[in-house]
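TrEMBL has this to say about the protein:
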type	residues	note
DOMAIN	33-111	domain 'Amino acid transporter transmembrane'
DOMAIN	134-309	domain 'Amino acid transporter transmembrane'
REGION	1-21	region 'Disordered'
TRANSMEM	37-58	transmembrane segment
TRANSMEM	70-91	transmembrane segment
TRANSMEM	156-179	transmembrane segment
TRANSMEM	246-264	transmembrane segment
TRANSMEM	284-302	transmembrane segment
Amino acid sequence: MGGAGEGDGQTEPLLEKLSNSSYSSSSEEIVKRTGTAWTATAHIITAVIGSGVLSLAWSVAQLGWVGGPAAMVLFAGVTVVQSSLLADCYISHDPEHGVVRNRSYVDAVRAIQKANCYHREGHDAPCSVGGDGYYMLMFGLAQVVLSQIPGFHDMAWLSVLSAAMSFTYSLIGFGLGAAKTIANGVVKGGIGGIAMVSATQKVWRVSQAIGDIAFAYPYASVLLEIEDTLRSPPPENETMKTASRASIAVTTFFYLCCGCFGYAAFGDATPGNLLTGFGFYEPYWLIDFANLCVAIHLLGGYQASATPLSTPRDLWFSYHF
């Protein structure tokens, strides 16, 4: 299911065969895919590493020295497998129109539905695809807290800037945690994490921590949109898999550094936001700079998050007016 150069000029039967489609052949022709593994990695890191990295120290504090790092590595592995499987869904082969690009999650769902229909009823079956609202609702509920960054053809600079901001405040949090641990002269924390008064409270806190870590990794909602920016050859799915592995490795490194050093520095008193733990210590300017980096990163993240809502509307207006 690799990329195909001739796919750039193909129409999308799942979208364009309808007279009221939001896409047109003219819009297809002007799309120039110039993305590389480096730009895809920047897009992924922008989507994945957010200000939530600052809460991972609290999550490690709930799970302890064994459970915290183990959970991060586990979800990193799950995300790599998930992203590799989804990357192969970008190119599909329609029996009537040949190679088809699935630019979004909805397109991929439609392609899978249609393929299953052909398998059950034969290639001559009409196999009309509908009910998008149901799948969109399911997907939205599952990924509501994730960054939405589709359509990065002209947003590489914004992703690079946002990724740089992510690295900056993550490094500041990691550095301050390491410095405080050295100043303490002891590594705080325990194997089982923070002790709770009751088992119910412990289960609740552990569940929150696992949820925080789990939602700190996935980017399935924007993977196909990022892959749609990649040039071919090499095949888009291979480039995307390379970018996914690299970005998840970098992400896991920062997550482990911030989470573990934050827990080592504060122990049972680990705050929900790592930067607030240093709020009454010098240097104030460094904390302020880190928070400024968070704000700049969120500016890019908000812009990217708004794109899934604005792009279909803009395409609809451009097609009809």
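The backbone N, Cα and C atoms fix where each Cβ goes, glycine too.
Caution: TrEMBL annotation is automatic and unverified by curators.
Note on the transmembrane segment (37-58): residues 72, 146-147, 149, 152, 155-156, 158-160, 162-163, 166-167, 169-170, 173, 177, 209, 212-213, 215-219, 222-223, 226-227, 229-230, 239-240, 242-244, 246-248, 250-251, 254-255, 258-263, 266, 270-275, 277, 294, 297-298, 300-301, 304 of its chain, located 6 or more positions outside it, place their CB under 8 angstroms from a CB of the stretch. In this chain, the transmembrane segment (70-91) lies out of contact with the transmembrane segment (156-179); the count of Cβ pairs under 8 Å, excluding pairs fewer than 6 apart in sequence, is fewer than 3.
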